[in-house]
Structure formats: C-alpha cells, structure tokens
Amino acid sequence: MATYALQMAALVLGGVGMVGTVAVTIMPQWRVSAFIESNIVVFENRWEGLWMNCMRHANIRMQCKVYDSLLALSPDLQASRGLMCAASVLAFLAFMTAILGMKCTRCTGDDENVKSRILLTAGIIFFITGLVVLIPVSWVANSIIRDFYNPLVDVALKRELGEALYIGWTTALVLIAGGALFCCVFCCTERSNSYRYSVPSHRTTQRSFHAEKRSPSIYSKSQYV
C-alpha cells in the first residue's frame with residue numbers, strides 16, 4: 001500500500017512537471033523590462049520569450065509578435081529553445097512510461113519486477129528532464145544578471161528575470177523529485193522481493209537441519225531392534 005502511494009505521488013509530480021515544462025517553453029516572460037534609472041517608463045512593458053516578444057502600452061492591449069528568424073534570438077535563447085523542446089518531449093515520454101509501470105495498469109501484466117523496472121526507467125528520464133530544464137533557465141538568468149550589472153550595456157536594453165524562469169526552476173525541482181520517488185519505488189520493490197525469497201529458503205534450511213538431526217536416532221533404534 002505504501003509503495004502504491006509512492007507511485008501515485010511520483011506520477012502526480014511527474015504530471016505537474018510535464019505541464020510546467022510545456023508552460024515554460026511557450027511562455028513569453030523569460031525576460032521582462034527593467035525599470036531603473038532613466039528607463040522609468042512604466043506605461044511600456046516588454047516581454048521576451050523563446051518564440052515571441054510582447055509589448056504593452058498604457059491602456060493598450062498586449063501585442064505579441066513571433067520572431068521572424070531564429071537568428072534574431074540571442075545565443076542563450078537559441079540554445080534554450082532547443083533544450084526546452086527536448087525537455088518537453090522527454091517529460092511526455094517519461095510520463096507515458098510511468099503510466100505503463102503503475103500497479104493499476106494491466107496492459108503490462110502483473111509482474112512486479114517488470115513494472116518496477118519500467119518505473120525506474122521513467123524515474124531516470126524524469127530526473128534527466130529536470131536537469132535539461134534547469135540548464136536553459138539558469139543560463140538565461142545568468143545572462144540577464146550579467147547584463148544588468150554591466151555598465152557598458154545601455155539601460156534601455158537591460159532586463160529582469162521573468163516569471164517563466166521562476167516557474168522553470170520550480171518545474172525542474174518537481175521533475176527531479178518525481179524521478180527520485182520512482183527510484184525509491186524500485187528500491188522498495190526490490191527489497192520486499194529479496195526479503196520474500198530469503199525467508200522461505202531460511203525455513204527450508206531449518207527443516208532440513210532438523211530432519212538430518214532426527215535421522216540418526218531413528219536409524220539407531222531400528223538397528224537396535
């Protein structure tokens with residue numbers, strides 16, 4: 001029962017991580033306008049994401065435009081686009097693999113050893129996905145902070161950390177936690193199986209020992225008669 005609860009908790013974390021990965025990939029709030037020094041133009045707000053940039057003026061609806069070319073992106077955003085797409089695919093693959101290894105799933109049979117190995121595979125993929133999400137989010141955040149404190153960068157070009165980065169860090173931790181729980185499920189299953197097989201063998205050894213101990217006395221009585 002405890003193992004099944006761990007499976008469900010890990011699956012929920014994996015599902016949340018998968019949704020978060022897709023959300024971070026499509027969100028435009030990776031870089032947002034920084035209102036500092038002479039750039040205190042609060043009626044204009046700019047967002048920059050992996051696929052589009054958005055601008056909102058005072059009393060005007062937010063307007064977004066898809067990038068015309070991949071080369072229009074900075075190197076960190078170009079790499080982040082590829083890594084986040086790969087992370088989305090990995091998260092979906094890990095989630096579907098985890099469903100196949102769940103205790104309530106019947107299409108993969110009832111063998112606990114097979115299912116535990118499937119869950120271990122899903123856990124490893126979830127863990128790798130968390131690292132893949134963590135790399136681009138931290139990379140972009142580092143470039144934003146570096147440019148923010150660089151005196152050679154114009155104030156109008158400086159940006160702040162957007163909401164997508166914070167969600168990305170949270171998503172990476174959730175994915176890693178889900179993968180760790182699936183690995184714990186595998187360890188618990190292997191431990192219970194080893195205990196289950198070790199107890200009968202121990203009892204069999206005791207029985208054979210008692211049988212050997214009784215046999216000489218029986219033989220001696222028959223020989224005496």
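Cβ coordinates come from backbone N, Cα and C, glycine included.
The following features are taken from Swiss-Prot:
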- 1-7: topological domain 'Cytoplasmic' (TOPO_DOM)
- 8-28: transmembrane segment (TRANSMEM)
- 29-81: topological domain 'Extracellular' (TOPO_DOM)
- 82-102: transmembrane segment (TRANSMEM)
- 103-117: topological domain 'Cytoplasmic' (TOPO_DOM)
- 118-138: transmembrane segment (TRANSMEM)
- 139-166: topological domain 'Extracellular' (TOPO_DOM)
- 167-187: transmembrane segment (TRANSMEM)
- 188-225: topological domain 'Cytoplasmic' (TOPO_DOM)
- LYS213: ubiquitin cross-link (CROSSLNK)
Task = Tally the residues of the topological domain 'Cytoplasmic' (103-117) by DSSP class, grouping H, G and I as helix, E and B as strand, and everything else as coil.
result = 6 helix, 0 strand, 9 coil
Ask   = With DSSP helix as H/G/I and strand as E/B, how many residues of the topological domain 'Extracellular' (29-81) fall in helix, strand and coil?
value = 10 helix, 18 strand, 25 coil
Query = Over the topological domain 'Extracellular' (139-166), what is the model's mean pLDDT?
reply = 89
Ask   = Which residues, given as numbers and ranges, are at least 6 beyond the ends of the topological domain 'Extracellular' (139-166) yet have a Cβ under 8 Å from it?
value = 24, 27-34, 36-39, 47-49, 74, 76-77, 79-80
Note = Under 8 Å Cβ-Cβ from the topological domain 'Cytoplasmic' (103-117), and at least six residues away from its ends along the same chain, one finds 3-4, 7, 185-186, 189-190, 193
Query = Under the DSSP assignment, what numbers of helix, strand and coil residues are found in the topological domain 'Extracellular' (139-166)?
reply = 17 helix, 3 strand, 8 coil
